[in-house]
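Listed in TrEMBL:
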type	residues	note
REGION	1-72	region 'Disordered'
COMPBIAS	22-34	compositional bias 'Basic and acidic residues'
COMPBIAS	35-50	compositional bias 'Acidic residues'
COMPBIAS	51-62	compositional bias 'Basic and acidic residues'
DOMAIN	94-158	domain 'Histone-binding protein RBBP4-like N-terminal'
REGION	157-215	region 'Disordered'
COMPBIAS	165-181	compositional bias 'Acidic residues'
COMPBIAS	189-215	compositional bias 'Polar residues'
REPEAT	302-338	repeat 'WD'
REPEAT	408-442	repeat 'WD'
Amino acid sequence: MAKRTADEESAAGPLKAGGRPDAMDVDEKPHEMGDFEDEFEDEFESEDEIHEAGVDGRPDAEREAEEAMDVDPSAPETFIVGRTKLEPGQTLSPDTTTYRMLHNLSTPWPCLSFDIIRDGLGDNRSVYPATMYTVSGTQADSAKANDNSIMVMKFSGLSKMQGGDGEESSDDEDDDEDAEPILEHKSIPLSTTTNRIRAHYSPSQDPSRPPTTLTATMTESTNVFIHDITPHLASFDTPGTIITPQQNKPLSTIRAHKSEGYAVDWSPLHPAGKLLTGDNDGLIYVTTRTDGGGFVTDTRPFQGHTSSVEEIQWSPSEASVFASASSDGTIRVWDVRSKGRKPALSMQVSNVDVNVMSWSRQTTHLLASGDDAGVWAVWDLRQWKPSAAAGGNAAASALQRPSPIASFNFHKEQITSIEWHPTDDSIVAVSAGDNTVTLWDLAVELDDEESKDTAGVQDVPPQLLFVHYQNMAKEVHWHPQIPGTLVATGEDFSVFRTISV
């Protein structure tokens with residue numbers, strides 16, 4: 001993002017303000033060779049001395065040391081989005097040359113949790129204008145709770161930025177690039193606020209039937225609703241389709257929780273559907289889809305956290321393992337086969353709430369977390385060892401405190417979402433309460449020469465690739481089928497792809 005200034009600075013003009021240099025005063029009679037005297041003839045004894053002395057006659061090291069000390073205290077501070085406060089009347093506008101695609105789409109009510117739905121349009125697609133499907137839950141005003149709903153949405157007409165690939169666009173593409181994005185939606189009535197929603201793509205066992213898309217919605221009412229939104233998705237591409245009241249009803253309602261919650265995740269290794277849900281009482285329940293299509297919730301909760309469960313993530317490689325993050329500052333790793341329903345590993349990773357977490361799909365021993373203080377970190381699970389304090393009754397102070405393999409304190413507000421790139425285990429997207437979505441490349445290392453270029457922006461880590469402004473930023477997700485494309489939600493939806501990823 002770039003701050004828009006009132007006046008553009010003009011480039012320095014050509015020599016003599018555009019005029020040609022005055023003609024030299026030359027005698028009519030040409031000089032013989034040797035008539036000219038070189039006034040600099042004896043200043044340096046050799047070219048080697050010139051190279052050593054530098055451009056101004058002094059050694060380079062001496063000149064660079066003096067330049068480092070000669071800092072103008074009145075020079076303007078480097079503007080950092082999310083860190084530098086805007087002056088009254090100032091607004092931010094994106095530098096469109098840094099985006100391949102950028103669109104904002106509004107909904108009737110804020111949707112502070114959403115998920116991207118895998119579709120049948122193909123993987124690794126790069127055709128514009130792009131189309132994608134999402135599902136979200138609304139947060140209507142408390143006085144209008146009955147206006148809440150689950151919104152199944154289709155985004156289409158998502159064109160690329162003009163010249164967004166660094167090349168001139170052809171005339172045939174101009175119409176696409178000028179097209180306005182379209183948001184279509186189908187609403188499923190829900191008389192309560194959505195805390196978090198997650199979708200699950202379930203392949204069909206019958207080739208003649210389409211795959212099933214399920215959603216699980218954690219709500220303020222303490223109930224968790226499971227819906228089949230397959231007919232809603234099909235209706236976008238089948239004109240005249242009418243969604244019946246029966247199709248809007250949940251397939252199942254989980255009533256095991258006695259308090260509301262925010263933690264929910266579908267297992268990627270159970271195609272039929274296996275769901276974890278965690279609540280503010282620190283309890284975690286598992287719900288499994290049966291062969292008949294119904295859902296059964298095990299009433300024996302997993303217990304160990306001493307405060308609310310904020311995030312749950314299934315292991316991407318082990319079907320029985322999951323991790324949970326809590327406002328008690330811990331991350332705990334569990335095995336659903338455990339008869340005692342206690343964690344196998346418990347680690348104190350923060351002194352404040354751990355809000356979000358993401359398990360790398362490519363390098364499955366890496367886990368990223370984000371906390372209430374704005375710190376996000378990466379952990380190597382191979383370094384975590386069981387201890388006597390792993391049980392749920394141990395005091396938090398007695399738990400192990402592992403060392404992260406990377407930790408960043410760039411954001412100064414709580415981390416609200418974090419997600420690994422689906423195919424690159426060095427790229428991470430992070431959103432925070434400072435109204436930003438940041439992209440990071442953990443593979444970047446700063447050498448001594450490059451460190452000289454960071455003067456004035458010492459607080460900006462070299463791993464920071466990009467800062468995207470998103471008012472009320474809450475969740476960000478990578479699209480699994482459109483490389484490098486992200487969707488973020490806050491005051492509205494932002495769909496974008498940067499030139500850096």
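Each residue, glycine too, has its Cβ placed from N, Cα and C.
A TrEMBL annotation is a machine prediction, not a hand-curated record.
Since the structure is predicted, the reported quantities are computational estimates derived from the model, not experimental observations.
Same-chain residues lying 6 or more positions outside the repeat 'WD' (408-442) and placing a CB less than 8 Å from one of its CB atoms are 81-83, 353, 355-363, 366, 368-378, 459-461, 463-478, 480, 483, 486, 488, 490, 494, 498, 500-501.
Per DSSP, the repeat 'WD' (408-442) is made up of 0 helix, 19 strand, 16 coil. Residues of the same chain lying 6 or more positions beyond the ends of the repeat 'WD' (302-338) and with a Cβ under 8 Å from any Cβ of it are 261-270, 274, 276-286, 344-361, 364, 367, 369, 371-372, 379, 381, 384, 391-392, 396, 399.
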